[in-house]
Number of protein chains: 2
Amino acid sequence: MLYLIGLGLSDEKDITVKGLEAVKKAERVYLEAYTSILMIEKEKLEEFYGRPIITATRETVELESDEILKDADKVDVCFLVVGDPLGATTHTDLILRASTRGIPTQTIHNASIMTALGSTGLQMYNFGQAVSLPFYTQTWTPDSWYDRLEENSKYGMHTLVLLDIKVREQSEENMARGRLIYEPPRFMNPYQAFSQMLLTESKRHQPEGTEDEDGNVIPVTPTYMNPENTLAMSLSRIGTSTQRIIAGTLKELASLDEEEFGGPLHSVVVVGKRIHPLELEFAGRWCVGGDEGQWWKVAKEVYGCERETFE
Amino acid sequence: MLYLIGLGLSDEKDITVKGLEAVKKAERVYLEAYTSILMIEKEKLEEFYGRPIITATRETVELESDEILKDADKVDVCFLVVGDPLGATTHTDLILRASTRGIPTQTIHNASIMTALGSTGLQMYNFGQAVSLPFYTQTWTPDSWYDRLEENSKYGMHTLVLLDIKVREQSEENMARGRLIYEPPRFMNPYQAFSQMLLTESKRHQPEGTEDEDGNVIPVTPTYMNPENTLAMSLSRIGTSTQRIIAGTLKELASLDEEEFGGPLHSVVVVGKRIHPLELEFAGRWCVGGDEGQWWKVAKEVYGCERETFE
């Protein structure tokens, strides 16, 4: 049997009782280490599980899946994934490969950021499609995420923005020389995320009459993400004991220092217009600097949502 | 401390190790029993946890939250919720009430249908807002879910359709006589869901020139959910050992008997047009009657997605 087991969001004790039982009796245990990152050391997991763990890199899973699936029709093999095991395509691919080899599989689900974002007080069923924000460089600022966000915004849905992580990156020099030396992992901070979001916003929404490089007038599109009129939130280390959420207008959030958000992992939420006063009330407790003034002003004037008496 | 603890999707062993530790040392343990339903008896939970469990009805939580929060600033109280604890507004309400009383809270997340739907092979980030389908009656067929589905469909997003459950319902007679006798819980079967969906579809999309009761011509809207051209899936008992997924056109699925889907809990997915061949490949393994013919025909002709060679 091939078990795909979710590890949840934080530490070694977020595995389910069922998942732990499967790990303890498995012949081999792999830990997926490229689509997400657990915030504790592998050694700590090994100690808690009482089992050695083999790190599975993207290369292992995509090119050496035979190794992972070896004898899995006779013995139990566990494949551990941070969050829920079916959050990324790579793992459905592994199930398909097992299936064509006649190997039975069992998925043991767990929490992922997709459900844990309920911690914001925003309702899960009001979220549209999630988007991924990649690290921008001097020459590469891919902004297709903005189109998805506009689609959600058009119908008032909230948007979860997943922030890029870079694991097992090679420097250009090391890559050119064929050296398998990897840079330390990088995690996008909300500071950078908000700055990138404002950059794309300003590019997409030039003042009327602005011309592009060839002298053509850029069409003015409706502003879905005016920084002063858009409510947003940063979500840091959700599901851990140091979880931190900050709420405010995009402009307020973009003015905060990197340190305000603390260490990884982070994500960001852009609040949609179809919002309920209870959602605003809950989230308003985390306003920038503890000041809910701007939050409720924008809620009323832009989102059309007045504060209700809550007791 | 007030702990809100997710129980996951299936049985007593889906609680996380962290959640179980909190339950074992708590002064009082409540089980929320109205927004969802665990598929095992409370007694089995009590035996596994080694703790008595108090059932919390909607009335308890909304009207007697003081009882739940009593002394929670001094002792530990656990509030258990099927799935993830923050899937429903009621529980954020409980956190707000604790917060105003200065009671610290901790949320221990878990799997919910929102993440477990990755089991379909459809990618989570391609899902738009989730909708809830209520039980229709002779006189009451609320169809605002259809508007949300159209919004998702317009941009090619998948839609998760959550099916109604009725817990602690009173018969009209018992209600009239003030007797607190409750009907057995009811869970919507995909058989009923698909039939309701086709009913609303036919009402919304009358042939051109159709008049309503007052003789006004009903405007023809684009068909987003033509039964023969729409791919869908039923999701039954996701995360349990008897999990069953069936894929097909809406028309094919609607022709199946109630028994095909088996016991609760169920939900339904309507497949969006922005789909990847790998998603179709994975889901196609569960086609109605094992016949993928119609699935790939509609995928190609309507969804514009051709089958790729997969190995």
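Each residue, glycine too, has its Cβ placed from N, Cα and C.
Record check: TrEMBL places B:Asp84, B:Gly87, B:Ser112, B:Ile113, B:Leu163 at the S-adenosyl-L-methionine site, and the matching candidate among B:Leu2, B:Leu9, B:Leu20, B:Leu231 is B:Leu9. Within the group of binding-site residues (B:Leu9, B:Ile113), the Cβ with the highest number of other Cβ atoms inside 10 Å belongs to B:Leu9. The 10 Å shell around the Cβ of B:Leu163 (S-adenosyl-L-methionine binding site) contains 22 further Cβ atoms across the protein chains shown.
In this structure, B:Gly87 is the one among the binding-site residues B:Asp84, B:Gly87, B:Ser112 with the smallest number of other Cβ atoms inside 10 Å of its Cβ.
Reduced to three states, the DSSP call for B:Ile113 (S-adenosyl-L-methionine binding site) is helix. Reduced to three states, the DSSP call for B:Leu163 (S-adenosyl-L-methionine binding site) is strand.
Chain A has a C-beta under 8 angstroms from the C-beta of B:Leu9, B:Ser112, taken from the binding-site residues B:Leu9, B:Ser112, B:Ile113, B:Leu163.
Those residues noted as binding S-adenosyl-L-methionine (B:Leu9, B:Asp84, B:Gly87, B:Ser112, B:Ile113, B:Leu163) have their most widely separated CA atoms at a distance of 17 Å.
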